[in-house]
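S.K.: Here it is, the structure in full.
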Amino acid sequence: MEKIVMAGVGYVGLVTGTSLAQTGKTVVCADISESKITQLKEGVSPIYEPGLEAMIQQNIDRGTLGFTIDMTRAYREADVIFICVGTPEQADGSASLTYIYEVAEDIANYAKKDTLIVMKSTVPVGTNQQVKAFINDRRDAENALEIVSAPEFLSQGTAVNDTLHGARIVLGVETEQAEMRMRAVYSGFKQPVVVTDLVSAEMIKYASNDFLALKISFINDIANLCEKLGANIDGVTQGMGLDPRIGKQFLNAGVGYGGSCFPKDTKALYRLAEDVGYDLRTVKATIDVNQDQIYKLLHQAKQDFGSLAGRSVSVLGLTFKPGTDDLRESPAIWNIFELIKDGADVTVYDPVGMENARSIFQDRVAYADSALAAISDTEICFIFTEWPEIVSVAPSDFSEKMRSVHIYDGRNCFDVAEMAALEEVHYVSIGRPKVQRYQEELVGLSK
């Protein structure tokens, strides 16, 4: 059985490596972070992902999963190396390949003959060929290595299931031997396998993510139009989603997408198209709509109140979506920065993301240990993530806890009719009728 090494223990590397170990493969996850590896050796996951930690411990106990900071030894002993490091967005929107080439240089120096390199990181189209050339330029011809593109399609919050039971496995290969070796690596998985060339595999990843982002921006644009025309986005999405050609997924109107993938991948593909002289207009529109949508409710609140300076504001939900502790590119985080800049007194709550939030905001906001504690004695409540702990708050709780009930719901968590039943409330959501049952004007309300 071939020994598999995962270079990097972020979401992709850790979930993929643990999932391969779950199918009986021998896997070592390698990373330069001593603190992460120490945690993992104790069975503690450095990331929040439902089901992952238990699976890590199970496979440590079975002897199929190990962890190391000795990258040199890991590369020397590996039969297959998965590159799973980050490709963060640069200032111009393109993907940084710094970490990719750091790993590639080590592979060139230390990997044994016939080691198969697997690119799991999301990289610009054409990168696999460039990395292969980079590695083999540093090795003797008889020790040249093959590379395979095997893009990931996991979603944070459902990553384990997405990996073990996903819709497909994509393999970009150059030789039949590489294909056969990869089929053996994935022999414990039951998904359909799509075999193609390196460039097409890279494009599948970008096209898939950008299409999902486009779908989100499209429904948000439609939701904004619904507000102008008096339609209700809930009924619209229900009627659309039942059409199997459209489907229900990613048809939830809100304050836009975030996370480590969609914002980065849309900008990277648009920039890549620019570099070859093509105007990728649909993706550009996706980016523009999302950027406006992120601040939609904040702009509405400023319009309603005139100024948010000195206002007591609660923010429910900090992560970019439920099921993860990831705050990267989260609409909540961008809005909190603006609220602080505007002089609001901000209290935040998230069932999982508080530790990460503290590292960002320090003492510039207050931290509550529950949704009810967060909204207590506040005038304005913004909702940015549809966690069960937030959706389960009763409309009457807002009336009882808040000083005045002004709710800006960025994920359409609550029923409009139930909110309208409250005696006094100002409730704004996305693509649905506003509820305003206040006897006095919002602007100038006593603090």
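Glycine residues also receive a Cβ, built from the backbone N, Cα and C atoms like all the rest.
As listed in TrEMBL for this protein:
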type	residues	note
BINDING	ASP31, LYS36, THR87, THR122, LYS264, ARG328	NAD(+) binding site
BINDING	LYS205, PHE250, LEU251, ASN252, ALA253, GLY254, GLY258, LYS321	substrate binding site
ACT_SITE	CYS261	active site, nucleophile
DOMAIN	314-416	domain 'UDP-glucose/GDP-mannose dehydrogenase C-terminal'
S.K.: Once the DSSP letters are reduced so that anything not helix or strand counts as coil, what is LYS264 (NAD(+) binding site)?
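M.R.: It is helical.
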S.K.: Determine the most Cβ-crowded residue among the binding-site residues THR87, ASN252, using a 10 Å radius around each Cβ and all protein chains in the structure.
M.R.: THR87
S.K.: Give the maximum pairwise CA distance in Å, whole number, for the residues LYS205, PHE250, LEU251, ASN252, ALA253, GLY254, GLY258, LYS321 listed as binding substrate.
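M.R.: The substrate-binding residues span at most 24 Å between Cα atoms.
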S.K.: If you run through the domain 'UDP-glucose/GDP-mannose dehydrogenase C-terminal' (314-416) with DSSP, how many residues end up as helix, strand and coil?
M.R.: 39 helix, 18 strand, 46 coil
S.K.: Which whole-number value in Å describes the distance between the Cα atoms of THR122 (NAD(+) binding site) and ASN252 (substrate binding site)?
M.R.: 25
S.K.: Distance between THR87 (NAD(+) binding site) and CYS261 (active site, nucleophile) at the Cα atoms, whole Å?
M.R.: 10
S.K.: Could you give the maximum C-alpha to C-alpha distance in Å for the residues ASP31, LYS36, THR87, THR122, LYS264, ARG328 that bind NAD(+) per the record?
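M.R.: Between the outermost Cα atoms of ASP31, LYS36, THR87, THR122, LYS264, ARG328, the distance is 25 Å.
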S.K.: Including all protein chains shown, what's the count of other C-beta atoms within 10 A of the C-beta of ARG328 (NAD(+) binding site)?
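M.R.: A 10 Å sphere around the Cβ of ARG328 (NAD(+) binding site) contains 18 other Cβ atoms.
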